[in-house]
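Feature annotations, reproduced from TrEMBL:
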DOMAIN    B:62-154  domain 'FtsX extracellular'
DOMAIN    B:178-292  domain 'ABC3 transporter permease C-terminal'
TRANSMEM  B:26-47  transmembrane segment
TRANSMEM  B:173-194  transmembrane segment
TRANSMEM  B:222-249  transmembrane segment
TRANSMEM  B:269-288  transmembrane segment
Amino acid sequence: MIRFERVSKRYAGGHDALADVSFEIRHGELLVLAGHSGAGKSTLIKLIAGLEKPTAGKVWVSGQDVGTLRPNQLPYLRRSLGLVMQEHRLLNDRSVFDNVMLPLLVTGYPPRDAAKRVRVALEKVGMGEFEKSMPLTLSGGEQHRVAIARAIVNRPSVLIADEPTAHLDPAYAREIAALFRSFHAAGVTILLATHDETLFSPYGARRIELAKGRLQA
Amino acid sequence: MSLSLLPHGMALRQARLRLTAKPLNTLLSALVVAIALTLPALGYVLIDNLASLANGMSGKPEISVFLKKEVAAEQIQVIENRLRADKRITAIRFIGRDAALKQLAARGGFADVTGALSDNPLPDAFILEPGGEDPKVFEAIRAGLLAMPEVLHVQLDSAWVERLHAAVELGRWVALLLAGLLGAALMIVTFNTIRLQILTQRHEITVSLLLGATRSFVRRPFLYFGFLQGLLGGVLAWGMVQGLVWLIAPRVQALAQAYSIVVDLRGPGVGQILALLAFASVLGWLGAGLSVHRHLHDGAVD
């Protein structure tokens, strides 16, 4: 599904974010990407979404070499991924409903079916009652849930989350973790970057760990 | 609406929302566009009026032939016969010196002058209408007439009409040049409006691109915005031109009456209005396109 072949990423300043990273996520797998902040987790996710290009090596997503995709092909790659970024990046001037609707608008989904899908996604993350709320009136945990709903509304085959439980109290974090567990049970391939891997250890997830840009054995 | 048109409908709606979200800003930008357009458009309309006035006057010249005072009546008859034989001349009118004086006296203001004259100073004259429109032929006729010993002076009356036509052409050209310059101003206004919009919507653009929006999806609302702003400016400019013509018309009429010409100042025609609106909206679209091209590249996705 997603394969890294000896991938390195050096930023313009000379900082090596990733060095010689190789691994694979198979279809239907739940993979936890562990590591301290600054270990290169976010860079790795950016490479998958085509937000950055590798300096060396190849990143394969569903058989496509992401590094060689032309700019007009990238949108279609991103539509196949459900991305939950670290800063959840909701649009604060739009309601919860409209935020979750955004991926469907962007892809030109028929509006009538779209509304139905948005409600289903919000129900799945337990935010069904908040569709008319504005993001800033919600708690941090609730905002995370909305961001997750936005990531799954397109029914992507891969769900990628960067620190989905950061800045949450343990109770909220456990709920979010359980949410990802349920998506995995439904057959979605999941990559979770987290510094708090103990949350996911009960689920028997495979884990890989990054330290200073290198995969630890 | 068919599914392929859906994104366009959405983009148009979004552009309209952005326009109506800040009505004062929208109005000010549209006014700048309108004022930039009004000057050349009004110029063009006025020139057009002048052109139709010039066309109303016979472009065909009259040749006035003034005879020397000492020429006798029999000689005049001989000259007339000779002129009538000339195939290049289609009409001949003779105005005797007495008739000319009477005409002059009949015209307002000159009665006293003519009364004061002891002797009639006016010459006998022929008014000729040459056929065709070739200026070289007119010139040849004039030269031939001047060669006659009885002829004092020959005047080609078409010269001023030609000059008027040339002036109208020049005016039209200047108006178009002005339209080009101020059209550039219009594009710059749109360019800047769109730049500010992209800046304020950077977050939204970034998120949309992250969620798989194509560049054309992001670009489209801005293009429609530029188009609508241009169109709005065009409509305002139309209104301003119409209003200015309405204001100017009575003054022009007063001036024209002094020259005993009837002038009915007309506003822009349907074709001109459509051209104005098309010009404004296309330039708005282009300005927006340039702005998006320039500013959306600056890494809207981090």
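Each residue, glycine too, has its Cβ placed from N, Cα and C.
Quick caveat, the model's predicted, so the values are computed rather than measured.
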Range from B:26-47, B:222-249, B:269-288 with most C-beta pairs under 8 A to the transmembrane segment (B:173-194): B:26-47
Close approaches to the transmembrane segment (B:269-288) from elsewhere in its chain (Cβ under 8 angstroms; 6 or more beyond its ends): 33, 37, 41, 44-45, 48, 179, 183, 186-191, 194, 222-223, 225-231, 233-235, 237-238, 241
Secondary structure tally of the domain 'FtsX extracellular' (B:62-154) (DSSP, helix then strand then coil): 42 helix, 22 strand, 29 coil
Secondary structure content of the domain 'ABC3 transporter permease C-terminal' (B:178-292), with strand meaning DSSP E or B: 99 helix, 0 strand, 16 coil
Long-range neighbours of the transmembrane segment (B:26-47), counting only residues six or more past its ends (CB under 8 A): 19-20, 168, 171-172, 174-176, 178-179, 182-183, 185-186, 189-190, 193, 229-230, 232-234, 236-241, 244-245, 248, 266-268, 272, 276, 279-280, 284
Model confidence over the domain 'FtsX extracellular' (B:62-154), averaged pLDDT: 80
